[in-house]
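Asks: To start, I am sharing the structure in question, which I have written as structure tokens.
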Amino acid sequence: MSNTKERTFICIKPDAVQRGLIGKIFERFEQRGYKLVAMKMLKATKSHLEIHYQELQGKPFFNDLVGYMSSGPVIAMVWEGLDVVKQARQMLGATNPLNSMPGTIRGDFSIQTGRNIVHGSDSLPSAEREITHWFKPEELCEWSSATATWVYE
């Protein structure tokens with residue numbers, strides 16, 4: 001079983017930033033009871049994104065994805081909590097928003113795969129790799145949430 005210190009990487013994509021959805025996406029994680037340990041807004045470089053999406057190199061959509069992700073600001077975040085990698089993926093919904101259930105972030109706010117508003121780590125090893133790629137260790141804030149006793153037994 002996962003522990004309450006498990007971490008995942010979530011990135012709000014340029015389309016969601018432009019559409020003013022940052023707060024709505026952020027709120028889903030807070031309301032669920034997850035703890036934010038890092039967040040920053042930046043315009044990612046193509047080279048940074050090529051490393052982030054390295055497992056997709058060679059796919060026909062790779063260059064379009066990198067171009068889109070570098071077209072505007074993104075919000076990079078690290079969330080912490082019990083089973084957060086798996087639960088965050090369920091909260092996001094399917095990569096193709098048309099296959100996402102209503103109530104999921106993508107099911108509620110997006111229509112096309114190429115503009116699916118948010119990225120989330122797909123496994124614990126991916127989360128660890130993505131967190132270290134986007135954040136320096138000193139950017140991760142260790143803190144105790146006053147609400148933790150109301151979220152966890």
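Any Cβ shown, glycine's included, is placed from N, Cα and C.
Per Swiss-Prot, the features are:
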{"type": "ACT_SITE", "residues": "HIS119", "note": "active site, pros-phosphohistidine intermediate"}
{"type": "BINDING", "residues": "LYS13, PHE61, ARG89, THR95, ARG106, ASN116", "note": "ATP binding site"}
Asks: At the Cα level, what's the spacing in Å between LYS13 (ATP binding site) and HIS119 (active site, pros-phosphohistidine intermediate), rounded?
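Replies: Counting only the Cα atoms, the answer is 7 Å.
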Asks: Given THR95 (ATP binding site) and the residue listed as 'active site, pros-phosphohistidine intermediate', what distance in Å do their CA atoms have, once rounded to a whole number?
Replies: 9
Asks: Return the residues near ARG89 (ATP binding site), defined as same-chain residues 6+ apart in sequence whose C-beta is under 8 angstroms from its C-beta, sorted by sequence, else 'none'.
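Replies: Non-local contacts for ARG89 (ATP binding site): GLY120, SER121, ASP122.
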Asks: Can you tell which of the recorded positions (LYS13, HIS119) has the fewest other C-beta atoms within 10 angstroms of its C-beta?
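Replies: Selected from the recorded positions LYS13, HIS119 on minimum Cβ neighbours within 10 Å: HIS119.
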Asks: If you count Cβ atoms within 10 Å of the Cβ of PHE61 (ATP binding site), leaving out that atom itself, what do you get?
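Replies: For PHE61 (ATP binding site), the count of other Cβ atoms within 10 Å is 12.
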Asks: If we count other C-beta atoms within 10 Å, could you say which of the binding-site residues THR95, ASN116 has the fewest?
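Replies: Minimum Cβ neighbour count within 10 Å, taken over the binding-site residues THR95, ASN116, occurs at THR95.
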Asks: I want to verify one value. Collapsing DSSP to three states, which class is ASN116 (ATP binding site)?
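Replies: In three-state terms, ASN116 (ATP binding site) counts as coil.
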Asks: At its widest, how many Å does the recorded ATP site span between Cα atoms of LYS13, PHE61, ARG89, THR95, ARG106, ASN116?
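Replies: It comes out at 22 Å between the most distant Cα atoms.
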